[in-house]
Amino acid sequence: MQQLLTTTLTGLTLGMVYAAFALALVMIWRSTRIVNFAQAPMAMITTYVALTLIDAGQPFWLAFAAALASGLVLGAVVERVVIRPVEGGSEVNAVILTLGLFIVIHALAAVIFGARFRSFPAPFGLSGFRAGEVSIALTGFGIFTIVSVLVVMGLLVLLFRRTDLGLTMRAAAFNQEVARLLGVRVGRLLTLGWALAALVGSLAGLLIAGGSLVHPGYMDSVVVYGFVAAVLGGLDSPAGAVVGGLVLGLVLSLVSGLVSAALVPLAALVVLMVVLLVRPGGLFSTVTERKV
Amino acid sequence: MNTWSTRTVPGLAALVTAGLLLSACGAGGRPAGESSSGAPAAAEDVVGVTDTTIKVGAHYPLTGVAAPGYSEIPDGVKAYFDFVNAAGGIHGRQIEYIVRDDGYNPTNTSSVVNELVLKDEVFAIVGGLGTPTHSAVVDFLNDEGVPDLFVSSGSLGWGDRPAERPMTFGWQPDYEIEGKIIGQWIKENKPDARVGLFLQDDDLGVDGEKGVRRFLGDQIVETVRYTSGNTDVAPQLAKLQAAKADLIIGFNTPSYTALTQLVSMKLSYQPAWFYSSIGSDANLVGALLERFSEGAVKAGGKALDGVYTTEYIPGVDSPDNEWTKLWQKVWAANGNGKDLTNYRIYGMSHAYAFVQALQAAGQDVTRENIVTVLEEKGATFDGPQLAPFRYSKDNHLGIGGLQVTQLKGGAGTELTKVLVTDLGDTPITEDTSGAAQDAPPASGIPGN
Amino acid sequence: MATTVPVSMRDRLSWRRLPPLARHLLVALVGLALIVVVIETAGSFRQGQISSMAYLAIAAGGLTVLTGQSGQLSLGHGALMAVGAYTTALLLQSRAGAPPLVVVLAIATVVTLVVGVAVGIPAARLHGPYIAGATLSLAVAVPGVALYFSEQLGGEQGLTLRVPEAPVWLLDTMFFITGQELTGRKYVAYVAWFCLVLTYLLLANLGASRVGRRWRAVRDDEVAAAIAGINLGRARVLAFVVSAAAAGLAGAVMALVVRVSAPSGFTLTLSLGLLSAIVLGGLGSLLGALIGAAILTFLPQVVTSIGQDAGLSDLQAAELAPLVYGLTVILVILLAPAGLVGTIRSGLAHRRRPT
């Protein structure tokens, strides 16, 4: 019973982070129809920015904000400089391009920041609670994780549904040609979309790093889990990304606790294959398959 | 003009490939076996040895999850070798030391040791670190006849089968005798404890478990394993918590000491901890924990107060020990400006043993005679170790005993005398050889 | 009046008029001769590098056929290599009871082929980012499976293996040809390159045959191919299976070269490295795969020493190689998507035509 509770709580906390990462992937997919495999090292490198500031003695929250800001900038730069030439072109080329970025950013981080395993602070404490005999494996930092992801999601919903900017962004994603005809500066909005997605990705990176060891490869498996979560929920659906993330987090945590930690990636693969074969559009799919 | 390009493309292709391949054998075309360039070779060509130099190599995790702590060991080795070189070297030869990073990754170890043996042409590998990593290269080194001395690991494989692995020698106490001594201590002092085992998922864990189970069969309530590289140990600790283990024995690397402490805070789980000697440096773990907790857990060694562990060489926490004073002197003269830590002392301690072996092997050192010298004389070497070496024709295992200690403020308080034993059901006895009471020679260099 | 094209001696003996099989065999023979020369003259360390290049080239060859000719992007070939490597390691645990090397390599290839069928059938239904993500998950999952079965598969430590002794007839033959003794390292190098030549011969012939034409038809336009009567699923799965078999053989050879089969040898870096190699060389081209594998083997040392000379620490310099690959991949995709070989080929074709 105790173990089940601990596993569930760990799963929920982790699931929130996967949800954030999946959300970043979905945002980029909706706007440019590209899966950004490089999102993981992008988040990792912004975490290193934070770590550098912390090493230099800056307060944690300043470093946190700086990491998010650098994520914003990085996303914009990557879209404008690297991705723009292949938007709308061959799918294979776009995927290979993001993988090339993956390799470059990974190596860059190792060269600039070193490949050692570093510890990363976690505010709000790392001790769990006790309710009588039962220990509740929810740390202060875990609660912060859940709350911050929910807040960010809420802000994004507000942006997309209640503001003009959000409306034009959705229009540009839905139909670029028509939006252009109506005077929308599509290029700028795509850049903004990537920037916001990278911000969310950076948040995910910081939340995973807290209270854990950071090294250039620490986010690599997250790109897989984030992708699976996004596909589970439906690559077109932000709400699906969140639900997918939570479900996946729980499933993986259960596998890790009850079976073995080594089989977690395999479990993710199984989930992915089941979704793709049974309901390719994901849980919240709105797009029907095109059959010849 | 038609046929020109249709015939030349494949032709070009063949040329390009040939060019690439031929250029590949450019600088490396010398067959192996020649000694390094420079001074004329000795009458008998020994790989890695000239009249004025002797080249040795090692693999260490300078990056990766095992790097905290272990990456400092080669600093100590280098400092001691520089100290010896400054005093004229051994038999007139300066010691050249090459360290390569394998990231605690056995596949990398294989390629890195390949480089050391085939490209750098070292005389011997000294202090290669890691149980999973060194296992990948031990057969290669023995097949090639390269002395594989003082492996930085406590796995049994470095010394329990000299017939199969004649060139390999251990140095630190192996995990089985450590497990036995830990097991016996717990049985005598904490007979009602519910014991849990936290083990690295390879020979490190297997050998430690073997030793512990000799004494603690029914006290062990749960055994969990972790894979080095996967930093989530919450499921393992949750299992131990569910089994209500109140004393956990950990055979793990230092990063995992920090991680287990962290996770048990998260789970509000407070068992007593017994970490094996390889993972219990309080200063290192404290530094990791302080960063994790944003200062809530203070560094400076208090992080592991109350933790039990074992010791087999004097460390920075015994500043009055003659050996520690020697290490301070060596480090001050040849260190890299950072603090002297127990890992650097580990490096200096086994470098001292290597220098002893070189001295004993004499002017005409060869790969074979250094092995013979260790088998015949190694057991009598005086060094920082608290118990003597067990080297002989039938046993290539190193230090034969340890002390159980408890940490307080980063320093260990002795709970037992130095206990010695060997593999299998050899009984555990108190050491009477006086190895713990010896002092270094005045010059700090063996044989002088 | 009909123009007659004069038939000169040169035209009759032109390269293009030979049947593909003959062409490929000729190249193979020339290649084998070159390899003997290179291996005999190289030092021990270089021989190891040459063997490494061979297994990377085998895997890259299979992958480039899959991605370039059949249009399926796979990031999981590192995992398939792991299957081949572990099978080999399991069979070669002790020198005494080991089956002959040829049998071991064949078994490893077949086992991976079967796994390739299991992976290829669902993968055939996926496109673009979906197949990339799925194979990426495979690449991350397989090392975990090896860890789970730590009893049989050695866990993190992996399985060490002993390379069997060369058979006497081979020792005699090689001494006859080269006049030098066949050392263990040279044996592995010869085995590796022989497998490479064999694999490329097969892949080249497949590519030039009806099977290859079907693959390219499916890649270029699914609808047209389906209308023309090509079974899409079967064509795709066949391509996947062939490339998986190549990856399995590559893994088997890798096990022989590295002498240990551990999860850490099959990380994401390997799969991404293979991808870089084929992109650099040119998708779909076997020559490109060979060049890509050569770059992957020999570039790191060159780049690392440049980095060290430029003042970087050893550890930093070691990371420069992946940085260079990644940058080159990005530049190639943006500027010359056909890769090295593809760009040269179209450059030459341009020269041929007057307009």
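Each residue, glycine too, has its Cβ placed from N, Cα and C.
Within its own chain, the transmembrane segment (A:6-27) is flanked in space by residues 35-36, 39-40, 43, 135-138, 142, 145-146, 149-150, 152-153, 156, 193, 196-198, 200-201, 203-204, 207-208, 222-223, 225-227, 229-230, 233, 235-238, 240-254, 256-258, which lie at least six positions past its ends and keep a Cβ under 8 Å from the stretch. If you look up TrEMBL, you'll see A:6-27 (among others) marked as transmembrane segment.
If you look up TrEMBL, you'll see A:34-54 (among others) marked as transmembrane segment. Only residues 6 or more beyond the boundaries of the transmembrane segment (A:34-54), in the same chain, are considered here, and those with a CB under 8 A from a CB of the stretch are 21, 24-25, 28, 60, 62-64, 66-68, 70-71, 74-75, 78, 83, 87, 94-95, 98-99, 101-102, 105-106, 108-109, 112-113, 118, 120-121, 194, 197-198, 201-202, 204-206, 209, 214, 216, 218-220, 222-223, 226-227, 235.
Tertiary neighbourhood of the transmembrane segment (A:60-82): same-chain residues 32, 38, 42-43, 45-47, 49-51, 53-54, 97, 101, 121, 123, 190-199, 201-203, 205-206, selected by CB-CB distance under 8 Å and a gap of 6+ residues from either end. The transmembrane segment annotation in TrEMBL covers A:60-82 (among others).
Annotation source TrEMBL lists transmembrane segment at A:94-115 (among others).
Within its own chain, the transmembrane segment (A:135-160) has Cβ neighbours under 8 Å at 2, 5-6, 9-10, 12-13, 16-17, 19-20, 23, 27, 122-129, 166-167, 169-170, 196, 200, 203-204, 207, 210-211, 238, 242, counting only residues six or more beyond its boundaries. The transmembrane segment annotation in TrEMBL covers A:135-160 (among others).
Taking Cβ pairs closer than 8 Å, the transmembrane segment (A:189-210) reaches residues 16-18, 20-21, 23-25, 27-28, 30-32, 36, 39-40, 42-44, 46-47, 50, 64, 67-68, 70-76, 78-80, 83-84, 87, 120-123, 141, 145, 148-149, 152, 156, 159, 165, 168-169, 172-173, 218-219, 222, 226 in its own chain, all 6 or more past its ends. The transmembrane segment annotation in TrEMBL covers A:189-210 (among others).
The transmembrane segment feature in TrEMBL is assigned to A:222-251 (among others).
Summarising the annotation, TrEMBL assigns transmembrane segment to A:258-278 (among others).
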Within-chain partners of the transmembrane segment (A:222-251) [C-beta distance under 8 Å, separation at least 6 from its ends]: 8, 11-27, 29-30, 35, 37, 39-40, 43, 102, 153, 156-157, 204-205, 208, 265, 267-269, 271-272, 275-276, 281-287
Tertiary contacts of the transmembrane segment (A:258-278), as residues 6+ beyond its ends and Cβ separation under 8 Å: 7, 221, 224-225, 227-228, 231-232, 248, 251-252
